[in-house]
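Participant: The structure's right below; bear with me while I get my questions together.
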Amino acid sequence: MDSSAVPTNASNCTDALAHSSCSPARSPGSWVNLSHLDGNLSDPCGPNRTDLGGRDSLCPPTGSPSMITAITIMALYSIVCVVGLFGNFLVMYVIVRYTKMKTATNIYIFNLALADALVTSTLPFQSVNYLMGTWPFGTILCKIVISIDYYNMSTSIFTLCTMSVDRYIAVCHPVKALDFRTPRNAKIINVCNWILSSAIGLPVMFMATTKYRQGSIDCTLTFSHPSWYWENLLKICVFIFAFIMPVLIITVCYGLMILRLKSVRMLSGSKEKDRNLRRITRMVLVVVAVFIICWTPIHIYVIIKALVTIPETTFQTVSWHFCIALGYTNSCLNPVLYAFLDEDFKRCFREFCIPTSSNIEQQNSTRIRQNTRDHPSTANTVDRTNHQLENLEAETAPLP
């Protein structure tokens, strides 16, 4: 979701917001580099405005749609960055900190939070790129930021697909779930998801580079000749393998789960277990639905742009920015969903934000027990010393 996909024929103009020259079509990115891939988008402030039927209104002075869009995007990116980093790191902390949170489902949630935290950490770089109209951070960071975008997109959807299959096994095959749904297996599957995402992320990292154009620097993707073929091939492969196929698998899994939940009143023989099973299934479904809602517009937009030519208007530019920002917004929504939909997460978040005396005592006792396990010889020595002191006091005590 980087902001560098731009037409090569654009020149500089006076940017009403940054008071400096602005280079071509920098979509403030999301699908990274779907803004990179979608190189036909032009900056409404660029010289291409003369190609829009003379409608110079795309680059008016202060108060223009471009300035309003820029301010809105910067404000949204700031909120997403702060909420996303804090929320996702908090999710990872409570999963690592509390033993009761180390379930198979939460291990997958940890992976999702890690991917979201990584992508929100790139937003400051993309904001600077958008405001300055150039990429000042060098080629290495260009490669890192673009590849993180693709890694986040693919790892997130693969993890959600895994969570849906995991829920399907838990609901429809509870006996098999006992052997399969373990934290250890969940960790292995998480690693496999990152390896699978590398099929997209690593090629993108190698293709990402910086280019000098019209006095500015673009962080963009380069394709072998013929570039249009490889560019469209990447778009289509990402759309099919990192969106359509996972969404189909998720849909099938939840369709089968709904049929199972409707046909069976008692899944596990325990009302409490059934309640927890349905609650977790509902939470995963909501997280998946929100992801699809946030990411569908940008995927559809990019595919449409690959197939047909869309006239460049203010509405087209604003809608592009909106689709990109919507994809990023998903990265900060998941922690909020966990807090509202899962009692365990809600309780852990509350304990972290508002620690009570009982929680502090419990943490201290847990730490003492951990130290005792880590240093048994020291603990035994202390016990023996205390026992000897008690005996000495008993022996030296005056008789009544």
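Glycine too: its Cβ is placed from the backbone N, Cα and C atoms.
Sequence annotations record features per position, and here Swiss-Prot assigns topological domain 'Extracellular' to 1-68, 132-142, 208-230, 307-314. If you look up Swiss-Prot, you'll see Asn9, Asn12, Asn33, Asn40, Asn48 marked as N-linked glycosylation site. Look at Swiss-Prot and you will find 69-93, 107-131, 143-165, 186-207, 231-255, 284-306, 315-338 tagged as transmembrane segment, backed by similarity to another entry. Taken from Swiss-Prot, the feature disulfide bond covers Cys142-Cys219, and the record attributes it to sequence analysis. Annotated S-palmitoyl cysteine per Swiss-Prot: Cys353, in sequence order. What Swiss-Prot lists as phosphoserine is Ser365, Ser377. Among the features that Swiss-Prot reports, phosphothreonine is placed at Thr372, Thr396, with the record citing similarity to another entry.
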Participant: So among the recorded positions Cys142, Cys219, Cys353, who's got the most Cβ atoms within 10 Å?
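Facilitator: Most Cβ neighbours within 10 Å: Cys219.
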Participant: Per DSSP, what is the residue count of the topological domain 'Extracellular' (307-314) in each of helix, strand and coil?
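Facilitator: The composition, in the requested order, is 2 helix, 0 strand, 6 coil.
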Participant: What is the pLDDT of the topological domain 'Extracellular' (132-142) when averaged and given as a whole number?
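Facilitator: Per the prediction, mean pLDDT sits at 90 for the topological domain 'Extracellular' (132-142).
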Participant: For the C-alpha pair, I'd like the distance in angstrom between Cys219 (disulfide bond) and Cys353 (S-palmitoyl cysteine), rounded off.
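Facilitator: Cα-Cα distance, Cys219 (disulfide bond) to Cys353 (S-palmitoyl cysteine): 39 Å.
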Participant: Out of 69-93, 143-165, 284-306, which stretch touches the transmembrane segment (315-338) the most, going by CB pairs under 8 Å?
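Facilitator: Against the transmembrane segment (315-338), the leading stretch is 69-93.
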Participant: Reported as an integer number of Å, what is the Cα distance between Cys142 (disulfide bond) and the residue listed as 'S-palmitoyl cysteine'?
Facilitator: 36
